[in-house]
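Noted in TrEMBL for the protein shown:
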type     : residues                                                  : note
ACT_SITE : H210                                                      : active site, proton acceptor
BINDING  : G44, V45, G46, N47, V48, G49, D69, N130, V153, S154, N155 : NAD(+) binding site
DOMAIN   : 39-177                                                    : domain 'Lactate/malate dehydrogenase N-terminal'
DOMAIN   : 180-342                                                   : domain 'Lactate/malate dehydrogenase C-terminal'
Amino acid sequence: MHKSASGSTLGPGGLDLTQAFFKPIANADPPSTTKQHNKISVIGVGNVGMAIAQTILTQDLTDELVLVDTNADKLRGEMLDLQHAAAFLPRTKIHASTDSSITAGSDLCIVTAGARQIAGESRLNLLQRNLSLFRAIIPPLVRHSPATTLLIVSNPVDILTYVAWKLSGFPSNRVIGSGTNLDSSRFRFLIADHLDVNAQDVQAYIVGEHGDSSVALWSSISVGGVPVLSFLENQQIAYEKETLENIHKSVIDSAYEVIRLKGYTSWAIGYSVANLARSILRDQRKIHPVSVLAKGLYGIDGEVFLSLPAQLGRGGILGVTNIHLNPEETQRLVDSAKTILQVQTQLGI
Ligand SMILES: NC(=O)C1=CN([C@@H]2O[C@H](COP(=O)(O)OP(=O)(O)OC[C@H]3O[C@@H](n4cnc5c(N)ncnc54)[C@H](O)[C@@H]3O)[C@@H](O)[C@H]2O)C=CC1
Ligand SMILES: CC(=O)C(=O)O
């Protein structure tokens, strides 16, 4: 069987199976072409790439999903395994190739390729290994999809988002790092667990580096619309600063703990990135803490990408929220930027 020029399936002797299978409807208009066709490419089909791919499929976020990896057998195996679930999933065309030209015309390119941490290793330690991969991955990707939005996941995500921005030549609104969207989910889970409420009712952000210098924005946390710290203070209910510090420390330790226990993290980053893909492709205008070019914002100097609450839509980053930070939070955010810049300046990019 092969395809005709119009895309219908041809059987033996050139018989058009699509036409043979369906009776034509008299006086029918040709199929509408007004629907937006979405194409997402995922580069790197390891633990993280596949968790993202399968969440995108189950959540019906795209018409076409493309997988790219340098490991041809693993790549074809993953593609077939997903294709074999077609009877249980929304209809999505799934393709895979080691050749990045298959990504041509992507609306969103999600980059997860690269080395991951071993137990106890920091994200920043991965930089040299993943930098050389990015030099090979990003230029062809943007050549094939000049209007795409790049969503970077590989670590260290903030610096690699900067690298992708430089290598792509794209405007900064179309180069986004998954950043602390994941850390903020971990934060919301821990607060919800502490207060015995639903994590979806907790509004709370971790900003700054997706890593050890991240910053918890305690002053703006609310649960069900109630600002938590000012409520406790108004009610003269005592709380220990140490309890807050311990919750933030648990957020920072989360990835280290999961990596020590199972070798890698995957499910939460899969949901986190699919959540970002939905906001971008469906033009949701939702606010997510993601890695953005932060130069000139909140007293940050220098070309550095780190997470700030930003509005996401079809054009990528639509704007950065003007959230209130207290002086301590502002200082910690500036320090987080310096931590990233110290490593970044050694790159010579
Ligand atoms: N930003 C975040 O919140 C998170 C980031 N990560 C990062 O994601 C990255 C991937 O982690 P895992 O999937 O667990 O690693 P993995 O080792 O399971 O998969 C990496 C994949 O990249 C592929 N690859 C290597 N070079 C490539 C190239 N030039 N082109 C295409 N594919 C290539 C490998 O063949 C492999 O399949 C790591 O850098 C990890 O630290 C992981 C979890 C969360
Ligand atoms: C590995 C990593 O960056 C994470 O799970 O947060």
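Note: Cβ is positioned from N, Cα and C throughout, glycine not excepted.
Recorded features from TrEMBL, shown on the structure.
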residue : record                       : Cβ neighbours (10 Å)
G44     : NAD(+) binding site          : 24
G46     : NAD(+) binding site          : 19
V48     : NAD(+) binding site          : 26
D69     : NAD(+) binding site          : 23
V153    : NAD(+) binding site          : 28
N155    : NAD(+) binding site          : 27
H210    : active site, proton acceptor : 30
Counting by DSSP secondary structure, give me helix, strand and coil numbers for the domain 'Lactate/malate dehydrogenase N-terminal' (39-177).
68 helix, 26 strand, 45 coil
Cα of G44 (NAD(+) binding site) to Cα of H210 (active site, proton acceptor): how many Å, rounded?
20
Out of G44, G46, V48, D69, V153, which binding-site residues lie by ligand 2, with a C-beta less than 6 Å from some atom of it?
none
What is the interatomic distance between the Cα atoms of G46 (NAD(+) binding site) and the residue listed as 'active site, proton acceptor', given in whole Å?
20
Rounded to an integer, what is the Cα-Cα distance in Å between V48 (NAD(+) binding site) and the residue listed as 'active site, proton acceptor'?
16
DSSP-derived class (H/G/I helix, E/B strand, else coil) of H210 (active site, proton acceptor):
coil
From the Cα of H210 (active site, proton acceptor) across to the Cα of D69 (NAD(+) binding site), what is the distance in angstrom?
25
How big is the Cα-to-Cα gap, in Å, between H210 (active site, proton acceptor) and N155 (NAD(+) binding site)?
9
If you measure every Cα to Cα pair among G44, V45, G46, N47, V48, G49, D69, N130, V153, S154, N155, the residues listed for NAD(+), what is the largest value in Å?
17
